[in-house]
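Before I ask anything, here is the structure I am working with.
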């Protein structure tokens, strides 16, 4: 692991790191914020998964998580959203596929299957690297994310509810297998047989019996992707049927940007801190 | 004035606007945050001047001012740092001169005198535009800034202490006329006669009798520009001699970045809010 940069912030350290990823067969960059409490023992760790087009840097720059993470004593890990590099197959000018659009799944189709393995990267390789290199209590993990990263957080938590004490999302893509901006990517990554897509679709995972005790979701009413891409009512319906305690908050006048995320960041950090103990 | 974008944030509106500037003879862009309190009457206005290489966007994205500005009821105006555009003379690849490096002065030398008039822009043209287009109480103004923008805030407040209820700075350039990163710019903008530079140098303004009742300055000890460019001890000395109540806080381990600024943003907002009433 290589240290790209470190900088003191709100009493803790905001760092950026890179490493040669085995899962993604390329160099990967990620950000970790370590709060001042780490000197007294390993704090819990909260994973933040970002949305389409983002790198580790967007939420690090604009998410406004450090002040409260410092108060609450949370390590915040912000991974990249896809493999990157000259050898990684991509579709330039398509922001919904390829670089910046990994969708937190393991691709099965060529030529993507070698690099686009973000599910393995986020659930196995990066946690092992973080556990080995940072002061973190891996018995206390939580996960959240935005948009495509909300999809990532929800699907990952549903498939491993024992590992995460809590899960939340900002404006998540709750049914990527039917949304216009994600269907084409799913087909290219996972093939035409939609059975294989169910493992990466929140509402279908719930339909197939996966459970997480409670979820917090914030959604802006002025979000331009609300009607076609996000459709939180599909999650509401699935959770109602399954008995999952979903707190869905429609936030009046908020859009899809980091202005929305940063406004409700404090609420999400408090939600997770209360459950991480 | 043209609305570039608006987005709800922390209950207020973060907007970006552009206009044809007379002072700078080019189009200029700036950001304004209007807190929710504006619906009950015009709030006070706090000017934030940014540092070298920045536009209006850096502090808007990374400054973390909206949460508390919303609580305290402050309008925050973030101007650009220089004129820009194809017709504006510039030195490409020189980050200490030209675009992004206006130094908040009115240039007297050719070919810069037509565009590089940031002093007039910040003290006259933009306030008039803001007063005409936003809900602001112009009888309650305050000013702060970072680095080159700290220099801007201090010099502007010293020359017009009646207008500003308070002034503060993050890692300001306190004596630009002798600092290596600003001397060449001063010579190009203002000519070789250093007498003309005194009006744009905080310590020399104080030496020449300009006064501001009290100042708050934060400075990181791990700031790479501390010894050569910033030298807050020069301000300390000048304020001591002049009887200006300077609160200079050396912040252990902090660098020159927005991680430093955002960490102490709350303190500065509270400082100004207390004095703006």
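Glycine residues also receive a Cβ, built from the backbone N, Cα and C atoms like all the rest.
Below are the features listed in TrEMBL for this protein:
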- A:147: active site, charge relay system (ACT_SITE)
- A:223: active site, charge relay system (ACT_SITE)
- A:256: active site, charge relay system (ACT_SITE)
Mind checking which of A:147, A:256 has the fewest other CB atoms within 10 A of its CB? They're the active-site residues.
A:256
Where residue A:147 (active site, charge relay system) and residue A:256 (active site, charge relay system) are concerned, what is their Cα separation in Å, rounded?
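It is 8 Å, counting Cα to Cα.
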Cβ-Cβ under 8 Å from residue A:223 (active site, charge relay system), same chain, 6 or more residues apart: which ones?
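Residues satisfying the criterion: A:171, A:230, A:254, A:255, A:256, A:260.
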